[in-house]
Each structure stands twice: as C-alpha cells, then as structure tokens.
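Trainee: Here you go, one structure.
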Amino acid sequence: MQKKKKSKRLGYLMLLPALAVILLIQIYPFLDGFKLSFTNSNLLSPGKEKFIGVQNYIDILTKDKEFYSSLSFSFIYAISIVVFSYVLGMLIAALLNMNMKGRGIYRAVILMPWVIAPMVMAANWLWLLNDQFGLINHVLMELKIIEKPILFLTTRYMSRFTVTMIGVWKNLPFMTITLLAGMQGIPGELYEAARIDGGGKIKSFFYITLPSLRSVSKVSVTLLLIWAFNGFENIFLLTEGGPSGNTMVLPIYAYNTAFFRSKMGYASAASVLMLLCMIVLCLINQKFSRNNE
Amino acid sequence: MKRAISRMIMYLVTFAVCFLLALPVISMFGTSLKTKTMAMSDLGMFPKFQDVYLGNFSKVLHVESFVKSIFNSIFVSVVAMIFCVLIAAFAGYAISRFKGKIFSGFIGLLLVLQMLPMMLTLIPMFMIYKGLGLNNTHAGLIVAYISFSLTFAIWLLKGFFDSVPMELEESGLIDGCSQFQAFIRIILPISKPGLATVAIFTFVRSWNEYMMARILIQTDELKTINLALQKFVQENLVDWSLLSAGAVIATVPTLLFLLFAQKYLVQGLMAGAVKG
C-alpha cells in the first residue's frame with residue numbers, strides 16, 4: 001500500500017510541467033479574455049481600461065452588422081466544409097481501401113494539403129487562380145468551357161465559393177485518412193459473410209461499412225467542425241475576408257477588431273460569442289448524429 | 001478482361017484524385033524551375049527540359065531577410081520541439097501508466113482545450129505578453145508554440161507508451177530501479193521511434209504556423225519563414241518564380257516529414273479516432 005501511494009505521487013509530479021503550461025498559457029489567457037470582454041480595453045489608450053459590464057455584448061448583438069454577416073458566412077463555410085469533406089473523403093477512402101499497389105505513396109500524396117504550410121499553399125492557389133497567368137483559367141479557356149477568365153477571388157459569390165472549396169481541399173485529407181483507418185479496422189469476415197449471403201459490393205458498403213464507421217465519423221466530423229469554424233489562416237491568406245467583407249468569418253472579424261481597430265475588449269467579447277456559437281453548432285451536430293442512429 | 005478494365009479505372013481515378021490534391025504542390029515545383037518571364041508566358045506546368053532554370057533558388061537564398069527568416073524559424077521550432085517533447089513524454093507516461101480521477105480529468109481537459117477558439121486566447125495573450133515584455137520576442141513565440149503542440153504530442157506519446165508492455169518496467173523494478181529510473185532507462189530508449197515522430201511532428205507544426213507568429217511578432221528581423229513569404233507575396237507580385245522557389249524551400253521539412261513519419265502519424269490519427 002505504502003509503495004502504491006508513493007508511485008502515484010510520481011504520476012502527479014510527471015503531470016506537473018504539462019499542467020503548468022496548460023494553466024499558464026491556455027487557461028489563464030482564456031479567463032483573462034473573458035474578463036477583457038467586459039471592459040473597454042483599447043490598444044490606443046493603454047491603462048484607461050474600465051469595466052463596462054455587458055456593454056460590448058449588447059453593442060455587438062444589437063448594432064454590429066459585420067458580426068452577423070461574418071457569423072452567417074462562418075456557419076455556411078464550416079458546414080459546407082464538413083459535408084463536402086465527409087462525402088468526398090468517404091469515396092476516396094473506399095477507393096484507397098481497395099487492393100492496390102503503392103498505397104503508401106497515395107496516402108502520402110493525399111496528406112499533402114493538410115501538412116504543408118498554409119502560407120505556402122495559399123500563395124500557390126493565388127497563382128493557380130490568377131486571372132491572367134493562372135493555370136486554371138488558362139485550361140478552362142483552352143477547353144472552351146469559359147470565354148473570359150473567372151475572377152475567382154474578387155467577386156461576391158465566386159470568392160465565397162472559392163475559399164470554401166479550398167477549405168474542403170485542405171481538410172479532405174484528414175477525413176480521408178481517418179475514415180480509411182476506420183475501414184481498415186472492419187473485420188474482413190463481415191464482408192465475406194455478406195458475399196456468401198449474395199449481397200453486392202454496394203449493398204455491403206451501406207450495410208457494413210457505413211454503420212461500422214459511425215464512431216469514427218462522429219469524432220472526425222466534430223473535430224473538423226470545430227477546426228473549420230475556428231479556422232483563420234485559410235481565408236485570411238487568400239482574401240483577408242474581402243472583397244468588401246464577403247468572405248469575412250468570425251476569427252478574421254475578431255482579429256481585425258483587435259489588431260486593426262485596437263478594440264481589445266470588444267474583440268474579446270466577439271470571441272466569447274464565437275465560442276458560444278461553436279458550442280451550439282456542436283450540440284446540433286451531436287443531436288443530429290444521435291437521431292441518425 | 002472486365003476485371004482488368006475495372007482495375008484500370010480504379011488506378012486512373014486514384015491518380016486523378018492524387019493529382020488534384022497535389023496540384024498546388026506540383027505547380028509550385030514547376031514554377032520554381034522557370035524564369036520570371038517564362039512563368040508568365042509558358043503556361044505549362046513544368047518548363048521544357050532544356051529550359052529548366054535553377055537560378056531562382058540561388059537568388060532567393062541571397063535575399064537577406066528571407067535567409068534570416070529561415071534561421072529564425074529553425075531556432076524557434078527546434079527550441080519549442082525540445083521542450084514540447086520533454087514535457088509531453090512525462091505527461092504522456094503519467095496518463096498511460098497511472099489511473100485515477102486526476103489522470104482521467106487531465107485527459108478530459110486535453111479534449112476540451114481542443115475546442116477553444118485560438119483567437120479567444122491570442123487576444124489576451126498579446127496583452128499579457130505586452131505587459132511582460134514578451135511581445136515581439138522569440139521567447140514569447142516559443143512559449144506559445146510549446147502549448148500549441150503540447151496536447152497532440154501528449155496524445156500521441158500516450159499511444160506509444162500504451163503499446164510498451166508493463167512487464168518491461170516491472171523487470172526493472174525487480175532489479176532495484178525506482179519507477180522513474182525505469183522510465184528513463186528502459187521506457188524512453190524503447191520509445192525512440194515514437195519520440196522521434198512526435199519531435200518531427202511538433203517541429204513541422206511550429207515551422208508551418210502562421211497566425212500566432214503574425215500576432216506575436218512585428219519586427220522584420222524576428223519574422224519566421226511564413227511571415228517572410230507573405231511579405232514576398234505582397235512585394236513581388238510580379239516574380240512568381242522567385243516566390244515559388246522560396247515556397248519550395250519552406251516546404252522541404254514538411255516533405256521530409258511526410259516521407260519518414262507519415263506511417264506513424266497515420267497510426268496516431270487512427271488510434272485517436274478509432275478509440276474516440
């Protein structure tokens with residue numbers, strides 16, 4: 001007994017450094033941000049910070065049009081990314097799960113959009129989508145699909161479509177790889193039995209593969225929803241939220257409010273609201289996936 | 001015959017998918033091998049073999065601010081990596097081997113933290129850093145990066161330690177080691193592949209990170225490679241081949257990572273997602 005107690009203390013001690021980092025660098029700033037959201041803290045007038053109660057929240061919710069437009073595009077953006085990545089990821093995972101030579105190479109290639117620096121990828125997309133020298137416009141024109149170059153990132157609806165599709169492109173690898181991992185965990189006997197019973201490949205996909213992937217799907221969809229909703233870099237590096245705020249999402253809106261307009265308190269309140277929206281989104285997602293069972 | 005055709009279709013579709021996903025990477029390599037004027041006029045992905053031009057790489061490596069940013073990125077990422085792996089190894093071992101409320105509570109905390117919007121912690125962090133004089137310093141960025149990768153590092157290492165059989169430590173304990181000594185002398189050496197994977201992983205994460213660097217670093221002198229690249233994009237909108245060469249250099253660590261550690265990363269993802 002004495003010995004067991006002693007050894008547990010070792011466990012606590014080993015946890016200590018990580019706990020200290022998490023408390024100091026994640027939890028403390030988080031709580032501080034919460035506090036900040038009830039003040040009029042402004043970078044331009046340091047030291048004149050005053051407690052103003054829920055005034056920031058009232059201002060955002062009653063007057064701030066930009067907040068609402070960012071909020072709605074944030075929802076559309078995150079949900080589209082999850083839906084498209086899930087469907088496409090499922091198809092690609094099913095493809096890669098077939099008996100093929102060189103699977104490791106395909107897997108490495110497919111992971112690229114996910115692991116290469118967002119800045120590098122954004123720069124290359126800007127180049128590919130360029131209206132004068134971009135490869136994509138060039139190919140589409142050669143094929144006579146379009147007559148004039150498409151302005152991918154500078155018109156209202158097109159820019160929203162483009163940043164969302166690049167978001168899908170970026171998150172597809174994660175979905176594909178986790179779903180593929182899930183598929184590889186399904187015992188082969190199940191398919192064997194289905195074949196003996198005379199079920200076709202498509203039937204066994206719907207009756208064996210999909211149900212077996214339920215828990216993997218739940219985890220990866222929730223994670224992706226959170227990442228997409230909190231995502232800053234993808235859109236920021238492509239359009240900075242433009243043209244004229246059309247691709248503005250909440251993280252970029254909060255960033256601009258804090259670091260361009262210097263309104264730290266106001267931006268913190270917006271971030272707290274962002275967290276609340278995300279929690280709501282996750283709850284809806286959970287309810288939805290439970291109904292499906 | 002029918003089988004052969006369907007196999008061919010399967011490979012074709014796979015190649016098409018891989019091509020689409022890798023398109024920006026392929027185009028980046030192609031463009032980096034063209035001259036400035038060729039990048040604008042020759043719209044094929046790669047230059048013709050006799051036209052291959054390597055000058056962009058030597059040119060970009062003569063841009064002083066870019067080279068400085070490479071060293072900044074290496075420094076910040078390496079230091080963050082060392083601390084992160086050390087801290088995560090201890091914590092990962094603790095939650096792999098000890099059971100109890102505190103340990104399961106810690107695991108829950110790790111999961112909840114994944115949900116926090118980074119902007120919500122970054123705004124106050126910027127204010128705290130300003131007060132402490134850590135704003136616009138590499139030390140501040142390193143601290144931020146340690147916490148940025150810590151959760152996933154702990155998670156991956158817990159998985160590795162879980163797969164090391166308990167008997168190994170027990171044999172050490174019988175030989176008279178304390179459990180901590182057994183961890184240092186037996187478990188850590190065995191887990192070298194796992195530690196290496198996590199090390200590379202945290203290095204690449206910091207190397208690729210953009211948002212924190214953007215907020216916490218303002219001076220050109222201290223900028224990391226992604227910030228330097230972005231400045232490049234803004235200033236050199238005409239010289240895409242030079243820019244692509246810079247981007248290729250920024251991608252090298254990631255590609256090496258894909259080559260060597262991809263298998264382990266996939267296993268880690270798998271373990272995380274399948275266990276849920």
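From the backbone N, Cα and C atoms, a Cβ is placed for every residue, glycine too.
Keep in mind it's a predicted model, so treat the numbers as computed, not measured.
The feature transmembrane segment is assigned by TrEMBL to B:70-94, B:106-129, B:141-161, B:182-204, B:240-261. Per TrEMBL, domain 'ABC transmembrane type-1' is recorded for B:70-261.
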Trainee: Same chain only, please: residues at least 6 beyond the ends of the transmembrane segment (B:182-204) with a C-beta under 8 Å from a C-beta of the stretch. Say none if there are none.
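Mentor: For the transmembrane segment (B:182-204), the far contacts come to 77-78, 80-81, 84-85, 88-89, 93, 145, 149, 152-153, 156-157, 159-161, 164, 168-169, 171-173, 253-254, 257, 260-261, 264-265, 268.
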Trainee: Report, as numbers and ranges, every residue of the chain located at least six residues beyond the transmembrane segment (B:141-161) whose Cβ falls under 8 Å of a Cβ in that stretch; write 'none' if there are none.
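Mentor: Distal contacts: 76-77, 79-80, 83-85, 87-89, 91-93, 95-97, 110, 113-114, 125, 134, 187, 191, 193-195, 197-198, 201-202, 205-206, 209, 212-213, 216-217, 224, 267-268, 271-272.
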Trainee: What parts of the chain pack near the transmembrane segment (B:106-129), using Cβ distances under 8 Å and only residues at least 6 beyond its ends?
Mentor: 91, 95, 135, 140, 144, 151, 154-155, 211-212, 215-216
